[in-house]
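K.L.:
From TrEMBL, here are the annotated features:
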{"type": "BINDING", "residues": "Ser52, Gly53, Gly54, Val55, Asp56, Ser57, Ser58", "note": "ATP binding site"}
{"type": "DOMAIN", "residues": "24-209", "note": "domain 'GMPS ATP-PPase'"}
Amino acid sequence: MDRVVMQKEKSMKATVFRFTNSMEDPRRFLKEATKFVEENVSSGEKVVCALSGGVDSSTTAEIFRRAIGNRLYPLHFDTGFMRRIGGKEEVKLVEESFKDFENFELIDKKETFYDNVFGKEDAEEKRKSFRSTYEQVLNEKIEEIGATVMTQGTIRPDILETEGKIKSQNNVDTDFDVEKLVEPLAGLYKPDVRKLAKELGFPEKNWMRQPFLGPGLSARTVGVVNREKLENEKIANDLVERFVERYFEKNYGRVGLWDEVVGARIPFQYFAVTLDGEMEANGEINEYLEDLGLDAEAFNLKNKATGVKEVEGGRERVYSPPVLLRGNLEPEVLNYLGREVPSRFGVSRVLFQLVGSEETDWIVGIRAVDSKDAITAEPLEIPLSEWEELGKEIARETDSKIVAYDLTPKPPATIEYE
Ligand code: XMP
């Protein structure tokens, strides 16, 4: 018997139908999920699918296409905060992947999102503005199409994170002007969705895609976001992704590996963040470095970034300024400091400066991690000399003359900065 969760929350207009079965066999799950959709969408109803282009929403769209055919309207909004991949806007790549879906539409809402998000500094406030803008543009489209049902790629961790108040996810508790919200993947974790996407015949580059967060680069442009800083972020991020993929291709023959045993992509995630350039010396850590006889200095950056702290009964999200280390340090020492500095000084993030010492508008942080489930993560081990080459390239191509590598595992840092 299928487990279906039906909820009607007070503030929500729609009744939520969540298929909460887990997956043992992809083929069987596909049959069950398709049946779930058929049973919960009536024959005259039109369904809007909010499509980010990621593996969760793409898989959801394909399940709906199989279940209800051309009554599905997959919509991809150009929020302006999507990445640039290989010099090409990601929205165009999504359009290419979905052009065969009958009612697919790419909707340009860049300026609406920019108007609402630019100028905001606080991380959670940015997320909220992004979310309410998303709600607004999607509701306009729902009305225009006359859809009564909506679907999206919500998976189990999205629900757990929002319920646990770790962060407000884009796709949970959002008010859409439909009668029903039907979510077929709500019982699954990421590795299962990837298996399902593979079963559905998606190309490897799609089912292996690294996770990308809902609010996109608005959350990777740390602190106040504006047009110039966002452009800096897009260029830097594209360089980091290309570099890591080239490195893996050269050394392992593929841009990313798939660990069948734990069901994880290797590397798990790799991206750039853009931070403000202001900093001030951290006297306490400087004394510690001196006591260790290390030729290095420590600075607190101006922006705050997120971390996680173990507390009784679970984890709590914390905000603190990242610490930048500058100096002559060997990889083993860096590895040690990435763990020791947070635990001694209560900071949640430590970066090591790869290039640059002069004044800079923005600092680029390189974040690259291995993880099996995003709950814990370890910095990716690529020789320091390689990261330095990437640092030089970023400093050449952007307005960030300081480029640093993030040394911190999760916990105490989070994978993302906001
Ligand atoms: P953190 O930063 O909490 O991230 O260590 C864990 C994983 O979740 C992804 N992430 C998000 N995904 N919407 C998403 O769809 C979001 O708002 C969001 N925030 C973080 C992050 O990329 C990582 O894989």
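Even glycines carry a Cβ here, placed using N, Cα and C.
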K.L.:
Taking the Cβ of Val55 (ATP binding site) as reference, which residues of that chain separated by at least 6 in sequence fall under 8 Å from it?
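P.N.:
Counting only residues 6 or more apart in sequence, the Cβ neighbours of Val55 (ATP binding site) under 8 Å are Gly153, Lys190, Val193, Arg194, Ala197, Phe202, Asn206, Trp207, Arg209.
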K.L.:
If you average the pLDDT over the domain 'GMPS ATP-PPase' (24-209), what number do you get?
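P.N.:
A mean pLDDT of 93 is what the model gives the domain 'GMPS ATP-PPase' (24-209).
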K.L.:
In sequence order, which residues at least six apart in the same chain have a CB under 8 Å from the CB of Asp56 (ATP binding site)?
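P.N.:
Counting only residues 6 or more apart in sequence, the Cβ neighbours of Asp56 (ATP binding site) under 8 Å are Gly153, Thr154, Ile155, Leu185, Lys190, Val193.
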